[in-house]
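Trainee: So TrEMBL has the following annotated:
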DOMAIN    268-365  domain 'Glutathione synthase substrate-binding'
BINDING   Q283, R541  substrate binding site
BINDING   K368, 455-464, Y466, 489-492, E516, K543, D549  ATP binding site
BINDING   E459  Mg(2+) binding site
Amino acid sequence: MIGMATGWGSLLQDEQQLEELARQAVDRALAEGVLLRTSQEPSSSEVVSYAPFTLFPSLVPSALLEQAYAVQMDFNLLVDAVSQNAAFLEQTLSSTIKRDNFTARLFDIHKQVLKEGIAQTVFLGLNRSDYMFQHNADGSPALKQIEINTISASFGGLASRTPAVHRHVLNVLSKTREAAKILSNNPSKGLALGIAKAWELYGSAKGQADFINQGLQFYFHLQPPGFLLHIFLEGSCVLVLTPKGVWDGGKTSSVAIVGHLCSFPSALVLLIAQEKERNIFDQRAIENELLARNIHVIRRRFEDVSEKGSLDQDRRLFMDGQEVAVVYFRDGYMPSHYSLQNWEARLLLERSCAVKCPDIATQLAGTKKVQQELSRVGMLEHVLPGQPEAVARLRATFAGLYSLDMMLLYTTAGPQLLHLWPKTVGDCFLAFCQGEEGDQAITEAIAAPSRFVLKPQREGGGNNLYGEEMVQALEGLKDSEERASYILMEKIEPEPFGNCLLRSGSPARVVQCISELGIFGVYVRQGKTLVMNKHVGHLLRTKAIEHADGGVAAGVAVLDNPYPV
């Protein structure tokens, strides 16, 4: 029996055995396709290496794994609800967009799309909610959310290939019972299922009338004069009921399938990619799943969209003359991803009726400021009315989150920064003040920096500030309105454990580690109707405790699998 306290301790002590296991594990990882392009040649697949991973699966409490899966559909609902609540987004981000140019640019596009009218009718969310396991004072573990990723949630493809590697390692050790406990996991299939459903619904909405007209004109042409039939829809098929039950050269049948509403050979999925993409094999896994469904994917950069993308009079999106049904962003989540040309391309995409994953409102729903605001008392009830069970499940995963908005005095003279306002208010009536929470949080974080982490409105890993670096930043920010572009979060403190990390070009080493669990979620909405809401797999990443921040792509964490205990 493997226990949380002991883990793989005895196996980690035999250096000679570890070296042999590492060689076998790396070979199996390469065979399974757990691959990255090299940092030296990020645009080429001529030379590749294995993605970093742990030699052994890491122990995860079964109850917390089940809890994370159970709450994922609630998080899907929450993100979708926030993305539809324009007033909530505007109010929540009002202070952030004054000081954070990147969020402001995203919000400007959001406002422009709202003003023009949203052409998109099908909405797709591919999310990943990330957690750590808080080690409580009484020794019990608790699931606490770090963040939710609403754009370019990665490693669903490679996570589908790592279970075979860890099963192989355990089987080599003749630990067949333990190997059987490694969970099957295929997020790439589930993510592709969501894209395929959105593609299908786009085809139904945009192609139904044209397809029926064209298909039936051809069908009528084959029939004698005065021939009557009835047309109806069954799922995504166009069916024809003939009066005599005879059609197609005399073969008896009362129902003929004229065609499929989604037989839209020119409707593509457009994957917005970076020019230098080391993680291309992770993305290819999803592309391959889609191609197996006869859904074709083209990879283009923002620059390509700017040069060759266009909208027709109905705001249908075309790329190189081919219609695009779904736009899947694997780029566009950091300021460095955007030039002026790229911002123009993003606006063009958002104005189209193509399904965006994510649309601009959903990307804004994933910001740290929105996460912090949702943690306020009563806010979940406001966004998800009449769903107390979902609210309870969501709130149970929240860590402490604190706004850093400036304290303002709202007077008859208008809002004034507190530290600039004279001591004598005079005849100006003080209506109310806001920002005490931020001042108090900054004071506490400076006094006890080990308990907090400072987070900007950024994705991609490696952006957070800890310890003395955080204190220096807060000292510089505390009297500046720029502090509104950050949030403070209570630092989650997991219990460290031993594992062996394998990384190309580095010797295998046994270190003390902590893990981060991500659950992939998929939802599809057509108009106001949610037609899909599910969890589709998990991602476990592990890093040495010496690293405060950063993921696999940032070169800090490695891929892993949960071993339920």
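Heads up, the Cβ atoms here are built off N, Cα and C, so glycines get one too.
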Trainee: Hey, which of the binding-site residues Q283, Q457, N463 is the loneliest by Cβ count within 10 Å?
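Mentor: N463, out of the binding-site residues Q283, Q457, N463, has the fewest neighbouring Cβ atoms within 10 Å.
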Trainee: What is the one among the binding-site residues M489, I492 whose Cβ has the most other Cβ atoms less than or equal to 10 Å away?
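Mentor: Of the binding-site residues M489, I492, the highest Cβ count within 10 Å belongs to M489.
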Trainee: Work through the binding-site residues one by one (Q283, E459, R541) and name whichever has its CA nearest to the CA of M489 (ATP binding site).
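Mentor: That would be E459, nearest by Cα distance.
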Trainee: State which of the following binding-site residues has the fewest other Cβ atoms within 10 Å around its Cβ: K368, R541.
Mentor: K368
Trainee: For E459 (Mg(2+) binding site) and Q283 (substrate binding site), what Cα-Cα distance in Å is obtained after rounding to a whole number?
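Mentor: Between the Cα atoms of E459 (Mg(2+) binding site) and Q283 (substrate binding site), the distance comes to 18 Å.
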Trainee: Count up the helix, strand and coil residues in the domain 'Glutathione synthase substrate-binding' (268-365) according to DSSP, in that order.
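Mentor: Result for the domain 'Glutathione synthase substrate-binding' (268-365), in helix, strand, coil order: 40 helix, 26 strand, 32 coil.
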Trainee: Run through the Cβ atoms and count how many others sit within 10 Å of the one on the residue listed as 'Mg(2+) binding site'.
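Mentor: Total other Cβ atoms inside 10 Å, all chains included: 18.
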